[in-house]
Amino acid sequence: MVSHSNGPTKHMAPMEVSVEAGNAGAAEWLDDDGRPRRTGTFWTASAHIITAVIGSGVLSLAWAIAQLGWVAGPAAMLLFAFVTYYTATLLADCYRTGDPETGKRNYTYMDAVRSNLGGAKVVFCGVIQYANLVGVAIGYTIASSISMQAIRRAGCFHKNGHAVPCKSSSNPYMILFGVTQILFSQIPDFDQIWWLSIVAAVMSFTYSSIGLALGIAQTVSNGGFKGSLTGISIGADVTSTQKIWHSLQAFGDIAFAYSFSNILIEIQDTIRAPPPSESKVMQKATRLSVATTTIFYMLCGCMGYAAFGDNAPDNLLTGFGFYEPFWLLDVANVAIVVHLVGAYQVFCQPIFAFVERRAAAAWPDSAFISRELRVGPFALSLFRLTWRSAFVCVTTLVAMLLPFFGNVVGFLGAVSFWPLTVYFPVEMYIKQRRVPRGSIKWICLQTLSICCLLVSIAAAAGSIADVIDALKVYRPFSS
């Protein structure tokens with residue numbers, strides 16, 4: 001199971017159930033694949049998608065719109081929303097291989113790629129997915145430390161006034177986050193805990209809503225909307241080259257905010273059996289959830305830009321465009337930290353499981369790998385303790401070396417957007433529906449894929465250029 005989203009989503013644990021000859025009545029409680037009957041509906045699928053999509057990516061949208069302006073900013077958000085929705089409908093058709101109502105089910109994104117494409121493309125998909133998950137772990141370490149640092153700074157500003165710098169290093173907060181993750185990573189199947197999805201939903205809506213409310217309040221206080229039609233002006237603070245790179249990075253930020261293709265198949269696997277087919281229900285759920293998310297994103301991004309104009313920070317709740325009420329900022333930042341502590345584990349569990357499966361297969365008789373000691377909720381084995389702790393330490397170290405939230409978010413969004421949101425859904429749909437090569441539909445789908453590839457490359461280049469620019473004046477471990 002590999003999940004990707006801006007927030008954790010509840011997954012059903014796979015269960016193998018057999019029906020004894022004398023207990024055929026139990027078949028009523030099973031689906032066509034022998035697993036417990038799925039009960040998900042249009043509404044539960046929509047809720048899962050909205051919970052998965054709305055996450056920390058929303059915090060950088062005001063900055064993204066500030067780079068592009070009042071015309072290109074909202075237009076780019078609508079364009080990404082449409083592409084995400086359209087390719088999600090293609091992906092939903094690939095949940096079953098063959099017949100849309102009776103074909104073999106695919107339980108994860110990787111299963112769908114394996115069933116439809118196979119070969120080297122499965123390896124490519126795996127590399128992209130796991131690399132993306134590692135990147136998300138680094139990004140979440142940075143984001144959580146910035147929020148913890150912001151809580152301390154908000155109290156300092158409230159006490160000493162806004163003129164005082166109130167500077168502090170983010171490194172101790174990253175180390176604290178890392179230590180917490182080392183502890184949580186020893187809890188087996190942490191991502192399967194039933195209340196995790198509820199906590200994630202509450203936290204993400206809490207900080208997103210506070211950001212939106214503060215943006216509206218600031219705009220009212222300003223007496224009108226700030227910003228311009230073309231975005232940040234070229235001048236003393238921003239060169240024409242920086243304007244181009246920032247505009248490209250903004251596309252990556254928007255792409256990151258919309259990314260949920262990775263977990264779409266897993267959400268679809270919770271929907272009750274046909275009729276109607278799971279793909280039809282999922283397409284309707286995707287339409288509602290992408291529309292709802294887009295409205296919410298438009299409000300958050302546009303109100304943030306309206307409030308701060310060219311000075312919109314790359315993280316709306318930690319860039320100190322807002323100083324008061326300081327306690328409300330603290331509530332929002334605590335919500336971010338709580339959300340990201342759980343989200344980190346949800347994204348890392350697939351990596352942990354993959355490495356541990358490979359190790360167990362390679363050295364089945366090794367006591368170092370297989371011997372386990374249960375201590376309360378923790379399942380301790382020397383290998384798990386060593387490997388998972390080492391992984392957390394490496395991601396924390398990289399986060400300390402590159403503590404640039406906006407750039408990391410932009411890069412992750414850019415790199416994962418084309419392969420996971422566009423390329424694989426398009427290729428699987430063409431194979432599944434046997435779209436004739438050279439037909440108008442084939443040409444349109446391939447054109448969409450190539451255009452999105454160019455956008456991804458440009459957005460990644462913008463983020464990398466900005467990191468290089470920032471590293472010219474940044475000293476490692478001193479932030």
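Cβ atoms here come from the backbone N, Cα and C positions, even for glycine.
Taken from TrEMBL as is:
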DOMAIN    38-468  domain 'Amino acid transporter transmembrane'
TRANSMEM  42-65  transmembrane segment
TRANSMEM  71-95  transmembrane segment
TRANSMEM  122-143  transmembrane segment
TRANSMEM  193-217  transmembrane segment
TRANSMEM  288-307  transmembrane segment
TRANSMEM  327-348  transmembrane segment
TRANSMEM  385-405  transmembrane segment
TRANSMEM  411-430  transmembrane segment
TRANSMEM  442-465  transmembrane segment
Checklist line | Maximum Cβ pairs under 8 Å to the transmembrane segment (71-95) - stretch from the list 42-65, 193-217, 288-307, 327-348, 385-405 | finding: 288-307
Note to self: Could you check whether the transmembrane segment (327-348) packs against the transmembrane segment (442-465) - three or more CB pairs closer than 8 Å, residues at least 6 apart in sequence?
What the structure shows: no
Notebook entry, point to check: What same-chain residues lie close to the transmembrane segment (385-405): Cβ under 8 Å, and 6 or more beyond its ends?
Noted result: 60, 134, 137-139, 141-143, 145-146, 170-171, 174-175, 177-178, 181-182, 185-186, 314-315, 348, 351-352, 355-356, 359, 466-467, 470, 476-477, 479
Next item on the list: Test the contact criterion for the transmembrane segment (193-217) and the transmembrane segment (288-307): 3 or more CB pairs under 8 Å, pairs 6 or more apart in sequence, then answer yes or no.
Entry: yes
